[in-house]
């Protein structure tokens with residue numbers, strides 16, 4: 001380990017907290033949708049979905065997670081596509097909806113305002129988005145497990161590149177739904193007229209308004225929402241089990257038990273975390289907008305985690321004291337900002353992709369390297385080269401040999417990157433006999449919508 005057992009446990013606890021809170025949101029958000037579309041009891045939905053995902057993740061392990069994720073991705077794409085197509089037809093074409101949104105200043109691509117309170121700007125999207133996606137695809141335990149379940153690094157890289165078009169499609173489709181939905185409700189606000197209680201119920205209301213007379217289509221949307229939540233939650237539960245077993249339980253106890261007993265412990269941990277996520281869903285229901293709350297949690301907890309990894313990879317002089325102090329300072333500052341705003345009822349109109357996560361990473365690196373030099377920096381020559389990223393070798397390979405030798409800081413990277421799968425990295429949560437790698441206007445129109453909802 002780069003920073004020792006204490007930082008390993010510290011990081012694992014942060015990961016577990018983030019995954020548990022995020023899992024609670026993943027149960028609460030689709031329950032809101034089901035409640036708006038079908039009228040089914042909100043908490044009945046939470047408990048039901050929580051039991052289902054806990055059941056199949058506990059029994060199936062990593063294989064169940066991978067296969068259900070694949071199927072659910074197809075369902076998500078179908079649901080989003082159905083809403084975009086029908087919504088565009090209702091407005092006379094997507095270009096008409098786009099024109100309405102543009103006329104009302106909802107389409108802004110090149111806002112370079114440096115004001116952090118600007119809801120959407122180029123800077124908030126680039127900086128915040130960079131930090132968010134870097135964490136998600138670089139150090140997130142669930143994503144790392146997916147990559148390591150591949151038979152080779154090359155296949156893992158191919159899988160990530162194949163994932164990219166799908167990700168672009170899903171994000172683009174969600175934005176397109178926002179455009180057609182705005183065009184549909186441009187002359188009335190559903191919350192102002194009492195049609196819904198929260199903005200989180202806007203899309204379900206929209207789906208019922210445009211699809212309720214077509215049998216089965218609302219169900220496609222419900223399946224889309226539920227699939228999106230369950231796929232992420234199942235991966236999170238599996239990751240929580242692996243992290244707890246490998247990083248929090250005493251190493252001696254884990255190594256002394258058989259693989260069969262390790263598998264049983266893993267399944268019990270999945271069950272425990274599933275029940276805990278269901279219980280936490282009630283807590284997160286009081287945190288306001290689901291999207292804002294989710295990204296707040298991501299920024300507070302994921303920023304320091306990403307900072308620890310980047311500190312260890314790019315700064316060979318960093319030591320465990322610097323990593324611990326840097327993480328604690330960043331976490332404390334972000335908690336003060338995030339929960340201070342919540343406690344005082346402040347709703348700053350920041351973009352969902354705020355810069356909290358990136359700020360946390362920068363704080364960890366800045367404080368961590370300063371404390372490391374104060375307390376006695378690490379000798380780069382004493383490090384395992386596989387733990388340090390050769391930045392200058394990758395980005396500036398054209399530099400003279402002497403310059404590159406100096407920028408290695410005494411670390412020899414040649415021949416050190418032949419990737420080997422370490423069986424101790426993860427623990428099986430699947431078959432007992434094998435190890436697996438372990439998201440003011442016209443009253444008439446609003447009245448018509450309200451009457452139709454009552455009729456439904």
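Heads up, the Cβ atoms here are built off N, Cα and C, so glycines get one too.
Any TrEMBL annotation is an automated prediction that lacks curation.
Among the features that TrEMBL reports, compositional bias 'Basic and acidic residues' is placed at 445-456.
Sequence annotations record features per position, and here TrEMBL assigns region 'Disordered' to 436-456.
Long-range contacts of the transmembrane segment (9-28) within the same chain: residues 46, 49-50, 141-142, 229-230, 232-233, 236-237, 239-240, 243-244, 247-248, 273, 276-278, 280-281, 283-285, 290, 293-294, 297-298, 301-302, 304-305, 308, 324, 327, 331, each at least 6 residues beyond the stretch ends and with a Cβ under 8 Å from a Cβ of the stretch. Feature annotation from TrEMBL assigns transmembrane segment to 9-28 (among others).
Nonlocal intrachain contacts for the transmembrane segment (40-59), taken as residues 6+ away from its ends with a CB within less than 8 angstroms of a stretch CB, comprise 27-28, 30-32, 34, 65, 68, 226, 229-230, 233-234, 237-238, 267, 270-271, 274-275, 277-278, 281-282. Marked as transmembrane segment by TrEMBL: 40-59 (among others).
Within the same chain, residues 97, 166, 169-170, 173-174, 176-177, 180-181, 184, 203, 206-207, 210-211, 217, 220-221, 223-225, 227-228, 230-231 sit at least 6 positions outside the transmembrane segment (71-89) and bring their C-beta atoms closer than 8 Å to a C-beta of that stretch. What TrEMBL lists as transmembrane segment is 71-89 (among others).
Look at TrEMBL and you will find 121-139 (among others) tagged as transmembrane segment.
Residues annotated as transmembrane segment in TrEMBL: 160-185 (among others).
Within its own chain, the transmembrane segment (220-243) has Cβ neighbours under 8 Å at 12, 15-16, 19-20, 22-23, 26-27, 29-30, 33-34, 37-38, 49, 52-54, 56-57, 61-62, 64-65, 68-69, 71-73, 75-76, 78-80, 82-83, 140-142, 145-146, 204, 207, 211, 266-267, 269-270, 273-274, 277, 426-427, 429, 438-439, counting only residues six or more beyond its boundaries. The feature transmembrane segment is assigned by TrEMBL to 220-243 (among others).
Look at TrEMBL and you will find 264-283 (among others) tagged as transmembrane segment.
Using a Cβ-Cβ cut-off under 8 Å and counting only residues 6 or more beyond its ends in the same chain, the transmembrane segment (295-315) has close neighbours at 2-3, 7, 11, 14-15, 17-18, 21-22, 25, 131-132, 134-135, 138-140, 322-323, 326-327, 330-331, 334-335, 338, 342, 352-365, 368-369, 372, 387-389, 391. What TrEMBL records for 295-315 (among others) is transmembrane segment.
Feature annotation from TrEMBL assigns transmembrane segment to 322-346 (among others).
Annotation comment: TrEMBL describes 358-376 (among others) as transmembrane segment.
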Sort out the residues at least 6 away from either end of the transmembrane segment (358-376), same chain, that have Cβ-Cβ distances under 8 Å to it, and list them. 127-128, 130-131, 299-300, 302-304, 306-308, 310-311, 314-315, 317-319, 321-323, 325-327, 329-331, 333-334
